[in-house]
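**Q** Shown below is the structure under consideration.
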Amino acid sequence: MAYYQQPHDITRLPAWQALQQHRAEMAGFSMREAFAGDPRRFQRFSLDSCGLLLDYSKNLITEKSLELLIQLAEQADLHEAIAALYNGERVNASEGRAALHTALRSPIGRRLLVDGNDIIPEVHRVLNQVTELVSRIHSGLWRGYSEKPIKEVVNIGIGGSFLGPQLVSEALRPFTQRGVRCHYLANIDGSEFRELTARLDPETTLFIVSSKSFGTLETLKNTLAARDWYLAMGGPEEQLHRHFIAVTSNRKAAIEFGIGEENIFPMWDWVGGRYSLWSAIGLPIALAIGVSNFKELLAGAYAMDEHFTQAPLAENMPVLMALLGVWYTNFWGAQSHAILPYDHYLRNFTKHLQQLDMESNGKSVRQDGTPLDIATGPIIWGGVGCNGQHAYHQLLHQGRLLVPADFIVPVNSYNPLSDHHQWLFANCLSQAQALMQGKTREEAEVELRAKGLSEDEVQRLAPHKVIPGNRPSNILVMNRIAPFNLGALVALYEHKVFVQSAIWGINAFDQWGVELGKEMGKEVYQRLTGASGEPASDASTQGLIEHFRSQHRG
């Protein structure tokens, strides 16, 4: 039976039990000693594919560790899970859906059936629709109600309709096309809306409403506010269709809003929001960087898809990263994972991965509904280097928590300034080196004596200078941030997340916790506004509602 119907209890697999024993054997393992004893450790534990170099040599692993982790993947039927994903089986068991985001970057000519229909022609039809729209806007043919060309595009969406597109359009800023500026409106906070629209001219602004249901609370409220702003600023209602387009599966609601049928782009139920930047949800990306660069992004993701499905497990970049995550989460007690991009243009990468990973693998039951008694998805956090070095890296180096980290860095910068990039790259490497190597008590004492301190001062300060080391990290290196390797990078993490979900036996494609919060939010709103006189079900919520009602002046 398929893994998504009857997943394994991995704790009963022989490889899991062997890994538990191996973990005990690794109690005294030292990465510093491992490097000293093996000059080829980097060569043995690194991998180059799709424009990305993965150095995973600074991990708490031996050849035996990897052998056992690969055995775990095999015994958990990972090959079958990957095949099920790509064949369009209903791997999202709780919602009875396939998860075919990979089809969005498949080249024309391939064939993939969903409910008996080949979806690849439809995917490329929509891509052609995106191409045509982008061409009209970039050429100045699409004009607003006053016949001025569109110069500002505002994407209204939240979650996957926002985080992925924002990440890519910001990361590929050097590829930005002239003439059109893209903005993002996500939060249901009037301050964000006011600050954005204060900089816009309604005559030259186009809004993209990105919502599968055309009813997501934050997106709908911001869309209604945008329409009110457009009308208040003098925009005629009969010309609304020139200033609003939609990416949605609810065509009826979009048409009722005033959006022209020809300006509605479809969404499919086999694409989850956090995996949707490759679809028409990526329209703001294509507007920002141009269609040819958007297609390069798709090509990079497709290259990673091919690597993922064809490379042996022991040479498979997403699989190796996923297994290392399982190793630390389930056998070393790690509860979080740091994402540390050393590039200004990747400053939003961590935010995208937070949704991708935590919304996918933050689960506590298996696909069949049986409870898990092991940890699953870790907390994803981090930020851009070198800023983090002067903030939270202290915890990574000397804290009591084990926090595996991924460093991401390009070799070349689009903006060379003196020797800045050499220093940036050096800091990235040295942070990973310091996490691995640390500083012993003896080294700390020698360092302090060399500074001329008295022996009493040496003994007083030495404990504070000791850095434990042996902290694991990966380093991902690319030539420079470009559409192809960025597509590969994002797809790499998508596949990593899926592999972990398959091993844990959980559903990476639903998010029922998010849905509960939405439902309860409606109830609280009714009480806040006085529409419901019933008290909240707990005293804390009721007390805060009463405080709001007594103080609110909005």
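Placement of Cβ uses the backbone N, Cα and C atoms for every residue, glycine included.
Here Swiss-Prot flags GLU359 as active site, proton donor, drawing on sequence analysis. The active site annotation in Swiss-Prot covers HIS390, LYS518.
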**Q** Whole-number Å distance between the CA of LYS518 (active site) and the CA of the residue listed as 'active site, proton donor'?
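**A** About 15 Å separate the Cα atoms of these two residues.
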**Q** For the C-alpha pair, I'd like the distance in angstrom between HIS390 (active site) and GLU359 (active site, proton donor), rounded off.
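**A** Answer for this pair: 29 Å between alpha carbons.
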**Q** Same-chain residues six or more away whose CB lies under 8 A from the CB of GLU359 (active site, proton donor)?
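**A** For GLU359 (active site, proton donor), the qualifying residues are ARG274, GLN511, VAL514.
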**Q** LYS518 (active site) has how many other Cβ neighbours within 10 Å of its own Cβ?
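**A** Excluding its own Cβ, the number within 10 Å is 11.
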**Q** Note down the number of other Cβ atoms within 10 Å of the Cβ of HIS390 (active site), including every protein chain shown.
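**A** Its Cβ has 9 other Cβ atoms within 10 Å.
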